[in-house]
2 protein chains.
Amino acid sequence: MMGEFNLINKYFVDRQAQRKDVILAAGDDCALVEMPENVSIAISTDTLVAGTHFLADAPAAWVAHKALASNLSDLAAMGATPAWVSLALTMPEPDEAWLAPFCSAFFDLADYFGVQLIGGDTTKGPLSITLTVQGFVPKEQALRRSGARVGDWVYVTGELGDSQAGLDVVLDPNKSTKPFAQELLYRHFHATPRVLVGQAMLPYASAAIDISDGLISDIQHILTASHVGVSLDVDALPLSKELIQFVDDKPTAQQYALTSGEEYELCFTVPEEHKGAVDTATAHCGVQVTCIGQIRPQDHFELHASGEPLDWSVSGYDHFKES
Amino acid sequence: MMGEFNLINKYFVDRQAQRKDVILAAGDDCALVEMPENVSIAISTDTLVAGTHFLADAPAAWVAHKALASNLSDLAAMGATPAWVSLALTMPEPDEAWLAPFCSAFFDLADYFGVQLIGGDTTKGPLSITLTVQGFVPKEQALRRSGARVGDWVYVTGELGDSQAGLDVVLDPNKSTKPFAQELLYRHFHATPRVLVGQAMLPYASAAIDISDGLISDIQHILTASHVGVSLDVDALPLSKELIQFVDDKPTAQQYALTSGEEYELCFTVPEEHKGAVDTATAHCGVQVTCIGQIRPQDHFELHASGEPLDWSVSGYDHFKES
């Protein structure tokens, strides 16, 4: 069994190239970083707890990916460029068989986005991971939830609903024999944070959020902050063929797409005059971008399919839901 | 029982004055902040876990103070001025009887140092608190562990050992009837981060660290990073009269002072030519500053009392100590 300091040195120190703006990473009381001019810093914190956000026996590499991806997704939703991350890791014992794949996957994803680990804490206790990521966004240009206007178009990235299907497999092993169960399980843990789309749409979008609690729940935050309503075309929701086969029924797949949490896709709004520009700017980001509806006046909330209104009652995820 | 969003709104939003450099606090995917010119950002992360760093029935207000104070202490050790904090709070249930005093104490201390809560996460799981604090330090002036030179004087702030005595009371209720047990228990949870001393000594000190794992353990980090040794005068260690009466024996009190963790006092080194300046600069910080020894060449590690060497074997705290 190694002590805390050896553990940190072995698994966390000198694992990455040094960013020019990182003056000091691990190894002192604080990390020290510097910033470019004319940017704001975007900061996001997320915690993943074993038993709440993942099962304790989930593969460590998958947990690492999910933890960092979900946090980078918050930066993406503001159009920010990721820069630094702090990692607070709590574990019952310094389990090297868990740490090695965890760190390997963590640094793979961090390196892909040029994010440097600048510090953190390792403590003893029930397994959980808290990350704080930081990135840059040009001053006064960060995408907020409050900028949507009536008539703006509503977009989402990628395909929706797969994460919920993967969670079904996690929670009910009987579902692991359904079509594409393993693919969907993998996707639940392996979202790609939409950093490139976030940066590409930044000059054109009016509001954005990432889908962590479910489209219906998250878009509500845009509606509330922007004092608007929305009309969503359920037929336009981007669905994977794997999801449709897994649930075996298109309306069910559409309901998954509306409510599935931990998707880490972006939902954003675009004024009519920028619609063409957004389609062009996001064309080279390697991910599908789909228009699924339009912003309406406050208190309008409509779901429709084939031109007909739907009366589905659906809701998203709340960690401490009213009981 | 309230949902997550209501909980955040009730206890965390709009509790503080808005700093001018905070563009956006809670309520979006990220916080947005801006920075003065010509500073580096100092960043520190600490986790407190129930059962590891405090007992689950410790008063919530005390836990809040300890969590934030320990983190601000890291900023103080680099001479940084605190600015922002992110709070990740994991709790089994949204327990308002716990949250109300927790938040009250948290914001009291944050307001005292002008630190604004800019975001975080609330999750369900075993009780723990992870904070990431950020502050400013003039470019290229941050105090590191690596700057101590042979001949520099070694200083500590405050009095040492009280935190360990308080922990004795936490861990063994039989000790609660010893002299000053309640005062020492209180002090264990109520360290004052030495932010003012950190800023005052910044132009004069050569290295610094905060005492979180015990003086002996923490000064070792300075020695290693600076490639030097040290001679400490055990008779010079600042001891409270409460500690001496609690342990009822001066050498025991001195051993407490050498090994007591979670003191959140500063240990720093000062070149001979700045000794007078440090004494003057720290005179108005409202806390005693004591010279306890001198930096020696590498591999020298001496404890002495009344001019005689001591052969005490003492060590500090490691969360995952070799077993």
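Every residue gets a Cβ built from N, Cα and C, even glycine.
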Mg(2+) 4 binding, same site as B:Asp29, B:Ser44 - TrEMBL member from B:Asp14, B:Asp74, B:Asp95, B:Asp108: B:Asp74
Nearest of the binding-site residues (B:Asp46, B:His53, B:Asp121, B:Arg145) to B:Asp210 (Mg(2+) 3 binding site), judged by Cα-Cα distance: B:Arg145
Subset of binding-site residues (B:Ser44, B:Thr45, B:Asp74, B:Glu262) lying within 10 A of B:Ser212 (ATP binding site), CA to CA, in sequence order: B:Asp74, B:Glu262
Site diameter for ATP, Å, by largest Cα distance between B:Gly120, B:Asp121, B:Arg145, B:Ser212: 32
Near chain A - the binding-site residues B:Ser212, B:Asp213, B:Glu262, filtered by Cβ distance under 8 Å: none
Taken over the domain 'PurM-like C-terminal' (B:149-304), the model's mean pLDDT: 96
Cβ neighbour count (within 10 Å, all chains shown) around B:Arg145 (ATP binding site): 26
The domain 'PurM-like N-terminal' (B:27-137), counted residue by residue under DSSP: helix, strand, coil: 35 helix, 46 strand, 30 coil
Residue from B:Asp29, B:Ser44, B:Gly120 whose C-alpha is spatially nearest that of B:His53 (substrate binding site), among the binding-site residues: B:Ser44
